[in-house]
Amino acid sequence: MKCKEEYSGWSLGRQLQVSFVTTTFFLSAVLVLITKFQLDWLRDSLLSKTHDVLANSITDQMGTLAREKSAVVEQELDNDINFVKQLKELDKTMLGWGNYKDPIIVPNAPIMDNDISSSSLSLNEYGVKVTYATGVFQTRIDPISTDGELLMNNSAAMDQIYPVLNRKKYLAMYAGFATDEIIHYYPGKIFSDSSYTPIVQEWYYSAINKEGSIIITEPYTDTDSEKLIFSISTAIANAKGVSGIDVLASSLQQPFINVTILDSGFMFLISSGGVVIYAPESWAYMGTAFRIYDQTLTGISQGQWNRWILDPDPYNRFSFSDINGTEYYAVINPVYPANMPNITHYVMSCAVQSETEDMLDSISNNYQNTYYAIFFMILGIAVAVFIVITTCAYFITRKTSRQLKNIETVFSRITHKGLFPNLIKGIGADVLLADSSGMKNLMEASLDKVDKIRDLEDQYESYEWGLTRPADKYLFTRWNERLYPLNWHNEKQMSWRHVLPKLTKIGQETRPS
């Protein structure tokens, strides 16, 4: 209340300036607050959706990467499968089981593994003593039957073909037979196990049981080289034998080496049975055959793995934690070689979840910096606008303030003379017209008001009031709380002591005596 009274006591010009500045300040403050609330809303809305968008984007990229790597593995396996098919046709031809009954290559005498000269053997790059000049035969059956002798004599022609077909990625090429349990093996070596028989090997009995199909075995560790390998085989001519190769698992690992997802993510190549063919070097089990669902090593249970591969859609994201507690996102894509009816392998892309959160934090920090930049820019603009408007208002209202001050002065002087005669005398109202630029209508209205006061005063002056005020006319009520004139007929200033006792209350019907 006190502030209101104090404000009312200010000049009109000052009140105008203060009102203008205060309004500008509040408008600027509202602008800044609206900007802040909008930025806060945008931040919350953005960050709440960024996590899902970012995770989905990473999942899409992981799925795309898994499909690309799957295509590379499929192409590699297709080449190996075609190689085995060609090898089977050559074996069939050399054995006389095809269209050609007579041998098209004159074979050398078959060489048994225990007859090969040790001096002809040398260590290969895998640490196994072999010769790439010829293959060898091995059987645990003794003596060899006539059919067995004939089979070895015919198959020995392959010893001239094996060196031509040899590939670095193939650890061995061979043909196995039920006849005397013979195996023709290239490169030539001395079998460490004299009781070795092909008919109990997965590559053999699986191919015999599925004649016409290509068999890809689960990866296993080769006894001699201790390398992780898998076998590809197919039956020969009505299941009379099996042609096959041992493929180094490392031949499928190359596409995955040095692949990093985000900062420390990686990829797995996994057989259909769950054996890990490729794992990153950061996993201590690199180079050993372990299963992806070995929970003590990977943190993935067999139940989890079985659920994942039911629908290995590259756009489905799975989560798991390894034995160290690191949480991962995973995307799985199947490998379908062109000549295989079933899935042979899986490619799994893995990304560390915390790195996704780090990206989100980075986005949040970048947004926060942008947030502050925008906020302080708006704040600076608001302050600048406030200063400019305040300055302009000051200079613009100076003249208006002066003009209002003139009006205020005129009427204030009239009011202050309210109990005395000659209200208008000496007021100098002409100053209003002298400074009426921009407020001409108001100035003219003020002058008109002064003129009306003068006219009213003239009317009162021409009336004989008596001692102080009319006893029978209440024209004085028009001056109530405004002006109280004395009249012309008694210009002498009266004392309050003489006048006040004779005043009567407004509205009182009694007349003075």
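Each Cβ is built from the backbone N, Cα and C atoms, and glycine gets one as well.
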Would you please say which range out of 256-279, 328-351 has the annotation transmembrane segment in TrEMBL?
256-279
Same-chain residues near the transmembrane segment (20-39), Cβ under 8 Å, at least 6 residues beyond its ends:
371, 374-375, 378-379, 382-383, 385-386, 389-390, 393, 397
Cβ under 8 Å to the transmembrane segment (256-279), counting only same-chain residues 6 or more beyond its ends: which ones?
58, 62, 65-66, 69, 73, 218-219, 228, 230, 249, 285-286, 289-293, 302, 305, 328, 342-352, 355-356, 358-359
Distant-in-sequence neighbours of the transmembrane segment (371-396), which means Cβ under 8 A and at least six residues beyond its ends:
17, 20-21, 24-25, 28-29, 31-32, 35-36, 39, 43
